[in-house]
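Contents: one structure, followed by commentary.
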Amino acid sequence: MTQSAETTYSADAGVHEPVNVAVTGAAGQIGYSLLWRLLNGEVFGARKLNLRLLEVGPGLKAAEGVAMELLDSAFPLLGDVVITDDPKVGFADAHAVFLVGAKPRQAGQERADLLAANGGIFGPQGKALDEVASKDVRVLVVGNPANTNAAILSANAPSIDPRQITAMTRLDHNRALAQLSQKLDVPVTALNRMTVWGNHSASQFPDVTELQVDGESAAGKLDQEWLTGEFIPRVAKRGAEIIEVRGHSSAASAASSAIDHMRDWVNGLQGQDWVSVALPSDGSYGVPEGVVSSFPCRLVDGHWEIVQGLEINDFQRQRIDATVSELLEEFETVKELGFV
Ligand code: NAX
């Protein structure tokens, strides 16, 4: 495991130049799936990946084991591997960063204490990114509470364009597509313009108002009772359902969605008009600036842009306001704690 050679390449540079990819929580269950998918070339094509595996405590030894297995997989795309607990080492010249490691909620823990514990991780990680990462770094926060962790990160990384710091609601988006595909008996590829608004939590709003099936509006194809009684709560609580049935939280599906998110960001959307991305709000759709909320997003010149001009009806307004008010509470709490 060697320290990286000098790497000053841009993520968009020539096809033969390596990409520096940092993954925190690399020894965890999501990391165990994510790293193999990355080395398949699904995001960066045929370019070598210099991996920076960040861990804490006992995770450091386990990360060494993960690195040994990566080596044993004989991936042609594996460049050098650095294992570290220091974000300044891990994020040096990083082009893509997956922030998967976070402090999980303890039994009976207050939300403010959870936010404070994660602020203690994402504040310093933001500062390190600001200092040492490539300025065009693409950041995806997966570790929960993902939206507010990303808000803390962005506030602590003022030299990085806020549009480069995102949180993952692609898993919620994919869960919604899967439910709709089954209900409508169409392939997921027939579906377009699905949107998840707000927080990656049970308050999220999976919204089918603009949904298209094979290019035509899905209006009238789905009854309101199914939507409000089954679809929305099922998507919003799917994480809990997986824990109950599998005995562990979603891991491979989370890694797969993280791959989808970063692959689209690097290569463009794959036949979809938009996808769901959580990013610092610019005030669109009444979401206060700086709050990291999920929106329908397109890519314009390599940057996520919130789709503008959608008409919002009363039902949507009420659902968006509910999830955004939860985000605002989280944002106010981390503000009071001095993290943003
Ligand atoms: P695991 O507990 O299996 O792995 C987490 C790893 O992160 C551990 O090895 C731990 O040592 C490490 N870690 C903790 N703090 C760290 C830090 N400061 N720096 C580097 N590493 C650190 O969890 P896993 O199942 O992989 O889930 C990881 C995170 O993803 C959790 O916060 C989880 O809640 C979140 N999820 C987010 C999802 C989303 O859609 N946004 C869905 C899946 C998942 O629940």
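Backbone N, Cα and C define each Cβ position, glycine as well.
Nobody curates TrEMBL annotations by hand; they come from automatic prediction.
It should be emphasised that the depicted structure is a prediction, and the values quoted were computed from it without experimental measurement.
Lifted from TrEMBL, the feature list:
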| type | residues | note |
| --- | --- | --- |
| DOMAIN | 20-163 | domain 'Lactate/malate dehydrogenase N-terminal' |
| BINDING | Gly25, Ala26, Ala27, Gly28, Gln29, Ile30, Gly31, Asn118, Gln125, Val142, Gly143, Asn144 | NAD(+) binding site |
| BINDING | Arg105, Arg111, Asn144, Arg175 | substrate binding site |
| DOMAIN | 169-336 | domain 'Lactate/malate dehydrogenase C-terminal' |
| ACT_SITE | His200 | active site, proton acceptor |
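Features as recorded by TrEMBL, highlighted on the structure.
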residue: Gly25; record: NAD(+) binding site; Cβ neighbours (10 Å): 22
residue: Ala27; record: NAD(+) binding site; Cβ neighbours (10 Å): 25
residue: Gln29; record: NAD(+) binding site; Cβ neighbours (10 Å): 16
residue: Gly31; record: NAD(+) binding site; Cβ neighbours (10 Å): 26
residue: Arg105; record: substrate binding site; Cβ neighbours (10 Å): 15
residue: Arg111; record: substrate binding site; Cβ neighbours (10 Å): 14
residue: Gln125; record: NAD(+) binding site; Cβ neighbours (10 Å): 28
residue: Asn144; record: substrate binding site; Cβ neighbours (10 Å): 20
residue: Arg175; record: substrate binding site; Cβ neighbours (10 Å): 23
residue: His200; record: active site, proton acceptor; Cβ neighbours (10 Å): 30
By Cα-Cα distance, the member of binding-site residues Arg105, Asn144, Arg175 nearest Gly31 (NAD(+) binding site): Asn144
Composition by DSSP (helix, strand, coil) of residues within the domain 'Lactate/malate dehydrogenase N-terminal' (20-163): 63 helix, 26 strand, 55 coil
Rounded Cα separation (Å) that holds between Arg111 (substrate binding site) and Gln125 (NAD(+) binding site): 21
Among Gly25, Gln29, Gln125, Gly143, His200, which are recorded as recorded positions, the nearest neighbour of Arg105 (substrate binding site) by Cα: Gly143
Binding-site residues whose CB lies under 6 angstroms from ligand 1, from Gly25, Gln29, Arg105, Gly143: Gly25, Gln29, Gly143
Cα-Cα distance linking Asn144 (substrate binding site) and Gln29 (NAD(+) binding site), given in Å to the nearest integer: 14
Arg175 (substrate binding site) versus recorded positions Gly25, Gln125, His200 - nearest by Cα: His200
Segment confidence, the domain 'Lactate/malate dehydrogenase N-terminal' (20-163), expressed as mean pLDDT: 97
DSSP state at His200 (active site, proton acceptor), helix/strand/coil: coil
List of residues, in chain order, with Cβ under 8 A from that of Gly143 (NAD(+) binding site) and at least 6 apart: Thr24, Gly25, Leu99, Val100, Gly101, Ala102, Asn118, Ile121, Asn149
Candidates Ala27, Gln125, His200 (recorded positions) with Cα within 10 Å of Asn144 (substrate binding site): His200
Reduced DSSP assignment, Arg175 (substrate binding site): helix
Rounded to the nearest Å - Cα separation of Ala27 (NAD(+) binding site) and His200 (active site, proton acceptor): 23
